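Shown next, in structure tokens, is the structure this report addresses.
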Amino acid sequence: MNWVNDSIPREFVLLGFSDRPWLALPLFVVFLVSYVLTIFGNTAIILVSRLDAKLHTPMYFFLTNLSLLDLCYTTSTVPQMLVNICSSRKVISYGGCVAQLFIFLALGSTECLLLGVMSFDRFVAICRPLHYSVIMHQRLCLQLAAASWLSGFSNSLLQSTWTLQMPLCGHREVDHFFCEVPALLKLSCVDTTANEAELFFISVLFLLIPVILILVSYAFIGRAVLRMQSVEGRRKAFGTCGSHLIVVTLFYGTAIYMYLQPPSPASKDRGKMVSLFYGIITPMLNPLIYTLRNKEVKGAFRRLMARAFIIKKQ
């Protein structure tokens, strides 16, 4: 399809919950607190994983990638959302909307694949412990991480291009908090069935297939853990894998609800809240889940704090 010159607006209006002004203050507080916690929590994970030599392992390499993703993921949307909540003109420029759409979709797609890679890492660590260092060598870890990032950004380039090629015919009110593919498709003045089918197919590739692979991995992991003789070994394995499973459930569950459910006017507001959950709440919870349930991360934090205290005293 070709663009109609008059169909390209200079800016979009992000409606959010503007029809319910009494929600502005609670939403602003939730967004601000979540964003601050996301910044501090994920930055701390990155720093402690890099500064503590005991955490220079494949698991924490992928966790560092996840934290970096979450930092950029929320930064692509939350600052604009905070500005719009405080403003009477809840707008975003066309260029800003394009950038937000591309970055949010790219990082979300990358996270889908990265969580699958992290489950493979746990599978090798628990089911093939004697061969772990041989299989999960540095080069393979870099290749898996690079493949996740490259695939995520390639998918975003395709999806964003297809979405932005749809003529809008002057429509510019986005019934959402930020520029996301399902919300932008609703602005088109032509039939979007083909685009929705493409979105569904790619969502299956990036959501359902990784989920299936993760479930298969954890079926083998569960069997291996139950065969362990050491109670301490079982506890450690369940603790590490439990953290990853919680993250997987939160992220994939809400994303699947958003992208794989049939469109329905009745689910419009629910869709907004669900997208806020996987776009804001989940990135905030990730570092809390990994630190509160992981003795290695908590131990690394204590060592770094003790080192900082000693340096300060000197």
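Heads up, the Cβ atoms here are built off N, Cα and C, so glycines get one too.
Keep in mind that this is a model prediction, so the values were computed, not measured.
Taken from TrEMBL as is:
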type     : residues : note
DOMAIN   : 41-290   : domain 'G-protein coupled receptors family 1 profile'
TRANSMEM : 22-48    : transmembrane segment
TRANSMEM : 60-78    : transmembrane segment
TRANSMEM : 98-120   : transmembrane segment
TRANSMEM : 140-158  : transmembrane segment
TRANSMEM : 200-226  : transmembrane segment
TRANSMEM : 238-260  : transmembrane segment
TRANSMEM : 272-292  : transmembrane segment
Should anything in the same chain at least six residues away from the transmembrane segment (238-260) have a Cβ under 8 Å from its Cβ atoms, list it; otherwise answer none.
59, 66, 108, 111-112, 115, 118-119, 122, 126, 182, 199-200, 203-204, 207-208, 210-211, 214, 218, 221, 225, 271, 274-275, 277-278, 281-282, 285-286, 289-290, 293-295
Ranking 22-48, 60-78, 98-120, 272-292 by Cβ pairs under 8 Å to the transmembrane segment (200-226), which is first?
98-120
Restricting attention to the domain 'G-protein coupled receptors family 1 profile' (41-290), give the mean pLDDT.
84
